[in-house]
Amino acid sequence: MAAALLARAGGSLGRALRARDWRRLHTVYQSVELPETHQMLRQTCRDFAEKELVPIAAQLDKEHLFPTSQVKKMGELGLLAMDVPEELSGAGLDYLAYSIALEEISRGCASTGVIMSVNNSLYLGPILKFGSSQQKQQWITPFTNGDKIGCFALSEPGNGSDAGAASTTAREEGDSWVLNGTKAWITNSWEASATVVFASTDRSRQNKGISAFLVPMPTPGLTLGKKEDKLGIRASSTANLIFEDCRIPKENLLGEPGMGFKIAMQTLDMGRIGIASQALGIAQASLDCAVKYAENRHAFGAPLTKLQNIQFKLADMALALESARLLTWRAAMLKDNKKPFTKESAMAKLAASEAATAISHQAIQILGGMGYVTEMPAERYYRDARITEIYEGTSEIQRLVIAGHLLRSYRS
């Protein structure tokens, strides 16, 4: 599957990536300069986004349209299964490459970015790490080429940040598990062909009694709730999953009974790198929009960029963006080196999401009235940015994660 992406990027990229030369980069502080292979990948994804996403992003947002054709093309390029090994039909790349690609896709369309992020990080990620060989063949390979996508069902109407308080239950009956309960805010839900679901199998053990399951969609006993009418990322669907005596085979248990909370937390660590990358794309698009407008808009006889106040705004925007990008790359590199990265992924997600919100806000300020109308994309960037501070752990949760790791390091 990676062949199309590598061919699009050029022969030298293909040869280098196949030889895994890019793995030599991954000494975390070795360099902040991307190797040539990753630079070529970035350009390939930027070209795709400029051609396939930018021209239709406003329409997708306005009409709440899922980008079916574009997602299929992304699958053919390997963008929906970037760190999945080639023997499972994935692209076989690393998480740094994934972060770079996701930023560029999100720069073109944030909704398409989150569709890509959920399939890579939240759906394929836990199956790749915890699934059996048979599960990987059944639940990963068909989801790599864009024909099918998956979703991730953890949050519930009564608990979002408190992931260990699952009220959805799963009980054993013969050769089956029977699921009951409701999952909320599930991205990709209306288009998904499968989901990773977390349910309590032993309530007396609290979070140690949570297990993870693989559920095909559609399936008897599983109903989709209404599509939520959202502030932003409108081209991606969000809905509840309602389980009413939903029966699945016993072999659809992911990992061991009681491993669900561990699986969820480790998956969110990966997912936060994805959301940080999505936020970077929104932030970069906002900065691009602001600079382009300020260069061409004249006031007091000169372009806005000649005004010191505008220059200060642009400098602060660039500083926040570059700082968050380096944090995100560091988290990705740590993961690629099989080092702990929970704190670093939380830092990246927090910094990038807050940067995206702040930068998109300042972009509207620079555009003035033009920033408030749909004729310009700045207002869409602002709406899209806001969710990055909420899903896959709010900013408040990220601060708790960071502080917890920080304090433990001082006590050890």
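Glycine residues also receive a Cβ, built from the backbone N, Cα and C atoms like all the rest.
Within the same chain, the residues at least 6 positions away from Ile366 (FAD binding site) whose Cβ sits under 8 Å from its Cβ are Ala290, Tyr293, Ala294, Leu304, Ile310, Lys313, Leu314, listed in sequence order. The feature FAD binding site is assigned by Swiss-Prot to 152-161, 185-187, Arg297, 365-369, 394-396, with experimental evidence given as support.
Under the heading substrate binding site, Swiss-Prot lists Ser161, Asp269, Met270, Gly271, Arg272. Using a 10 Å Cβ-Cβ cutoff, Met270 (substrate binding site) registers 26 neighbours.
Annotation comment: Swiss-Prot describes Thr27 as phosphothreonine.
What Swiss-Prot records for Lys51 (among others) is N6-succinyllysine, and it gives similarity to another entry as the kind of evidence. Taking a C-beta cut-off of under 8 angstroms and a sequence separation of 6 or more, Lys51 (N6-succinyllysine) has no same-chain neighbours.
Per Swiss-Prot, the feature N6-acetyllysine maps to Lys51 (among others); the stated evidence is similarity to another entry. In the three-state DSSP scheme, Lys51 (N6-succinyllysine) is classed as helix.
DSSP assigns Lys72 (N6-acetyllysine) to a helix in the three-state reduction. The annotation N6-acetyllysine is assigned in Swiss-Prot to Lys72 (among others) on the grounds of similarity to another entry.
Remark: Lys129 (N6-succinyllysine) has Ile263, Gln266, Thr267 as non-local neighbours, by Cβ distance under 8 Å and separation of at least 6 in sequence. What Swiss-Prot lists as N6-succinyllysine is Lys129 (among others).
Annotation source Swiss-Prot lists N6-acetyllysine at Lys129 (among others), citing similarity to another entry. According to its DSSP assignment, Lys129 (N6-succinyllysine) is helical.
Summarising the environment of Lys208 (N6-acetyllysine), the number of other Cβ atoms within 10 Å of its Cβ, over all protein chains shown, is 14. The N6-acetyllysine annotation in Swiss-Prot covers Lys208 (among others).
Annotation comment: Swiss-Prot describes Lys262 (among others) as N6-acetyllysine, evidence class similarity to another entry. Neighbour density for Lys262 (N6-acetyllysine): within 10 A of its CB lie 16 other CB atoms from the protein chains shown.
In the three-state DSSP assignment, the secondary structure recorded for Lys262 (N6-acetyllysine) is helix. Per Swiss-Prot, the feature N6-succinyllysine maps to Lys262 (among others).
Within the same chain, no residue at least 6 positions away in sequence has its Cβ under 8 Å from that of Lys292 (N6-acetyllysine). Annotated N6-acetyllysine per Swiss-Prot: Lys292 (among others), in sequence order.
DSSP assigns Lys306 (N6-succinyllysine) to a helix in the three-state reduction. Positions annotated as N6-succinyllysine by Swiss-Prot, on the basis of similarity to another entry: Lys306 (among others).
Annotation comment: Swiss-Prot describes Lys306 (among others) as N6-acetyllysine, evidence class similarity to another entry. In the shown protein chains, 14 other C-beta atoms lie within 10 A of the C-beta of Lys306 (N6-succinyllysine).
The transit peptide annotation in Swiss-Prot covers 1-24.
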Counting other CB atoms within 10 Å of each candidate's CB, the least crowded of the recorded positions Lys72, Arg272 is Lys72
What's the most sparsely packed of the binding-site residues Gly158, Gly271, Gly369, counting other C-beta atoms within 10 A? Gly369
Would you mind sorting out which of Phe152, Met270, Gly369 (the binding-site residues) have a C-alpha within 10 A of the one on Lys208 (N6-acetyllysine)? none
Gly158 (FAD binding site) -> DSSP, reduced to three states, gives coil
Rounding to whole Å, the Cα atoms of Glu396 (FAD binding site) and Lys306 (N6-succinyllysine) are apart by 38
Fill in the CA-CA distance, Phe152 (FAD binding site) to Gly271 (substrate binding site), as an integer in Å. 11
